[in-house]
């Protein structure tokens, strides 16, 4: 792809997200979401592969459906209230339609089926953008309207997302599908607490972006797209393979990594809201995700081939790591000790 076209598409992605996050009018927010969707589709199809075309088609259809539902719900809300302000969504019917539309856009269960298939047909860079940057605009709208959304519907979708996100990743060998199910599970934790404590949902989103970005950048550096290629990553870059194990443990939520921080705070908040049974179910569903993260760590560390890999000498190639990866790895592993500071910022 031409650098000029790439810069224009990336600029459109940024502009669309900023328009949605800074708007107070429903039509402007919808327009920003549309700019986002139309800007990423050429990035999806730049590989000129049938799987990439299929992924772009699935993504376009699901996002167009969600955008139509958002426009429909906001039109009904404007008809009932007489204004297009984002903060004024008080009627039950448009609120439920709007919540379902955002769930489709984010890939929250039970509207998650498009996400693993779409990610599997894309390259790692586009997967990184789709899993991180594309979540910002819908999550911003959800946080703006969090005090008006149906709490019972959010809790049901959150519990379903964490269970399906953990269960779906158990039998996967493709890293992109594993990261897709990981994204579904993390989004479940975010929408669980968003109506009770939006600041905790924002903290969870920030840590999710750090962990997912570091994971995808390491997979891009090691050129690992499945568990078989991951098993020889120790021969390529031992330090990066060890760092990937720490990031996987952070994604699973093990202390003292950064991933334990949001889960601990969310379970504490749910207990304060007298939702002990829900907290127990969420904690048990997190064990499903933790299992396949531990399985990946086992693949990296303990399934190295007994002899030297003869696959085109990829393990001899020295790759220049950017400065971004070490910073993200350090943040992934060491954000837990600064918990009091983060809570004061919230």
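Using the three backbone atoms N, Cα and C, a Cβ is placed for every residue, glycine included.
As written in TrEMBL, here are the features:
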DOMAIN    23-288  domain 'NADH:quinone oxidoreductase/Mrp antiporter transmembrane'
DOMAIN    290-342  domain 'NADH dehydrogenase subunit 2 C-terminal'
TRANSMEM  26-44  transmembrane segment
TRANSMEM  56-76  transmembrane segment
TRANSMEM  96-115  transmembrane segment
TRANSMEM  153-171  transmembrane segment
TRANSMEM  274-294  transmembrane segment
TRANSMEM  321-345  transmembrane segment
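The average per-residue pLDDT of the prediction over the domain 'NADH dehydrogenase subunit 2 C-terminal' (290-342) is 70, rounded to a whole number. Long-range Cβ contacts of the transmembrane segment (96-115) within its own chain (Cβ-Cβ under 8 Å, at least 6 residues beyond either end) map to 33, 58-59, 62-63, 65-67, 69-70, 72-74, 76-77, 89, 135, 138-139, 141-142, 145, 149-150, 153-154, 157-158, 160-161, 163-165, 180, 183-184, 187-188, 191.
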